[in-house]
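> This is the structure, below, for whatever I ask next.
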Amino acid sequence: MYKLLVEAQDQGTPSLSSTCTVLINITDSNTHPPQFTAAKFNTQVLEMETNKEILRLPVTDRDTPNTPASRARYTILKGNEDDNYKIETDPKTNEGVLTVIKGKDFERTTLTELEIGVENEEPLFLCINGKPATPDQLTAFKPNTTKVAVKVIDVNDAPTFVTRLQTVYRKEETNPGDLLYEPVVKDVDSDVNKIRYEIVDDPAKWIKVDPKTGKVTSVKKMDRESPYVKNGTYTVLIRAIDDGEPPATGTGTLVVHLGDINDNTPRLSSNSSVMCGNKADRVEVKAVDDDAPPFGGPFSFSVGSEDKDLLNMWRFDPSTGLQTSLISVKSLPYGNYTVPLRIEDQQGQVGQDVLKVVVCDCGDQDTCRGLLPRIFNLHGAAIGILLGALLLIALLLCCCFFCEYKAKQFTLNLQDEGNQTLINYNEEGGGALAKAEPQLHSRTSTNGGLKSGALQLTDFSQKRASMQSAAGAMSLAGLQMAENSGTMMSQGWGTVRNSTFRSGSSRFSRSFSYTSDWNIEDHLQRKLYELGEDQLDFPQHRPREYAYEGTDSKCPSLDRLSFSGDEDNLDFINNLGPKFQTLDGICRKTLEEKKLKT
C-alpha cells in the first residue's frame with residue numbers, strides 16, 4: 001500500500017491551495033510460478049490395490065497465500081496411460097495428493113514412473129525488459145515438473161474362474177443329485193489343488209458344492225414357478241479361496257435355465273364375484289396357469305358337478321378362452337351361491353375350483369347396496385304413550401303387592417314348633433362335674449302365697465357374666481330391666497328363636513307387655529320352688545358350647561315389641577317343647593340325687 005499527499009493550487013492573487021491524501025493498495029498477481037520441493041519422489045503400492053492415497057507432493061509459491069495466484073493445480077503428464085492414478089490438490093495444504101484408482105498387476109508391471117507438473121490457477125504474469133510478456137513468450141514458458149517412481153509390491157493373487165459366468169439348461173422338477181457345473185480355476189500364486197470352494201448365494205437352497213473339486217450338484221427339485229426363479233433362470237454364486245497369505249478369493253456365477261413342464265393346474269384368478277341381479281345375469285370369470293405355453297391357456301370351462309339343479313342354473317359363454325362369462329340360466333333370488341368349476345388347459349390338465357357368487361340389488365352402482373341403518377324416530381305423542389304404559393304397569397305391580405300383603409296373615413304361634421328346625425348339636429347333660437357353680441342370690445318375698453323374686457340390675461349383670469364365662473356362652477332367655485330413680489319399673493322377658501326354612505332362614509321374635517312379664521316371673525318362680533329350695537345346686541353339669549350358632553338378634557330392645565292386651569294365656573308354659581324338656585330333665589335328675597342323699 002502506498003500513501004500519497006496531493007496538493008491543488010489555483011492561479012489567483014493571492015494563490016489558494018488545498019491538499020488531500022491518496023492511498024494506493026496494490027494487489028498481488030501471479031508473478032511467481034509454483035516450484036516442487038524435490039525433483040523426484042518415490043512411493044510404492046500393493047498389487048491390485050485400489051482407491052488408496054500413495055503420495056503427497058509439496059510445492060512452494062512466493063505469491064500471496066490462499067489466492068488464485070498461489071493455489072496450485074497438478075497434472076500427470078506421463079506414465080498414466082491406463083488411468084491407474086489421479087492427483088488432486090489439498091485445499092488446506094496446497095499439496096498434490098496422488099491416489100491409485102485402478103489396481104496394478106505385479107506380473108505385468110513392477111515399477112511405474114510418473115511425470116507431474118504444477119501451475120497456478122491464475123495465469124502467469126511476466127515482465128521482459130521492463131515490458132509485459134507477450135502471449136508467445138508466455139507459451140514458451142514451461143511449468144515446473146517432478147518425477148514420481150511407483151513400485152508395485154507383489155501380493156497373493158486371487159484365483160480366477162476360467163468362465164466367470166457359466167450357463168446351464170435343465171428341466172424343472174429334475175431329481176436331486178444332478179451334476180450342474182464343474183468349474184475350472186487358475187491361480188498364478190497358489191496351487192490350484194489346494195483351493196477350496198464355497199457357496200456365496202443360493203436363495204432356494206437347491207444346490208451343494210464340493211469344497212475340494214467345486215462340483216455343483218442339485219439337492220432338491222427345482223421349480224420354475226418358484227419366487228426365486230426370475231424369467232425362468234436361477235442364479236447361484238460360488239467362490240474359490242486359495243491358501244495364500246492372506247487368503248485370496250475369486251467369484252464365479254452359475255445361471256441355471258429351467259425348462260417348463262405341465263406341473264400346475266389352472267385356477268381362478270379370483271374366487272368371489274358379485275352379480276347385480278337388478279341389471280345383469282352374468283359375471284366375468286378369469287383363469288390363470290403358472291405354466292408357460294403350451295401348458296397354459298386358452299382354457300375350457302364347465303360346471304364341475306353332476307347336480308342337475310346346478311346344470312340347469314348356470315352355463316358358460318364362451319366355454320373356452322382365457323376368460324369367460326358365468327351366466328345364470330334363470331332369474332335367481334338374492335343371496336349367496338357356490339358354483340364348482342372345472343377348468344382344463346391345452347394339455348388336458350384339469351383344475352377344480354369354486355366360485356362364490358353374491359346375487360344382490362346394486363341400484364345404480366356396481367356393488368351391493370348396504371343395509372339401511374336401524375334408526376327409529378318417535379314423536380312426542382308416541383313417547384308420552386310409552387311413558388304412560390310404563391307408569392300403568394308400575395301401578396298395577398304396586399296394587400298386586402299391597403293386596404297380597406294385606407291378604408297374608410301371620411298367626412302368633414307361641415309354641416313355634418312348626419316354624420323351626422331344631423339342630424341337636426349335643427346333649428348338655430351327663431358331662432363332667434363342674435368345679436364352680438354359679439352364684440345366684442335372690443331375695444324372695446311372698447305375694448299371694450307364691451314366691452317371687454326380683455334381681456337388682458347390678459347383681460344380675462354380675463351373675464350373668466359369671467355364668468357366661470363358666471357355661472361357655474350359653475344362650476339364655478334375655479331379661480331386660482330398666483330402672484327409673486332407683487326403683488324397678490318393669491322386667492322384660494323375651495325369646496328369640498331362629499327358624500330355618502327351605503327358602504332361607506327367618507327370625508321370629510316375640511315379647512310381652514309389662515303385666516304379662518310379672519305373671520311369667522311368678523309362674524317361673526313357682527315352678528323352681530316346687531323343684532327345690534336351694535337354687536344354687538343346679539345345674540350341677542354346666543353346658544358346653546359345641547358350635548357357634550350365629551349372632552344375637554339385631555333388635556336393640558325387645559321391650560319395644562309388645563302385644564296389646566292385659567290378659568295373657570300362660571298355659572303354654574306347661575309344655576315348652578323339647579328344648580325345655582332337656583333342661584328340665586337335667587334339673588330333675590340333680591334334685592332327685594340330692595334328695596336321696598338327704
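For all residues, glycine too, the Cβ spot is worked out from N, Cα and C.
Annotated domain 'Cadherin' per TrEMBL: 2-36, 37-161, 172-268, 285-375, in sequence order. As annotated by TrEMBL, transmembrane segment applies to 378-403.
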> Run through the domain 'Cadherin' (285-375) and tell me, per DSSP, how many residues are helix, strand and coil.
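Summed by class, the stretch gives 6 helix, 42 strand, 43 coil.
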> In the domain 'Cadherin' (172-268), how many residues does DSSP call helix, how many strand, and how many coil?
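Summed by class, the stretch gives 3 helix, 40 strand, 54 coil.
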> So what's the average pLDDT for the domain 'Cadherin' (285-375)?
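Within the domain 'Cadherin' (285-375), the model's average pLDDT equals 87.
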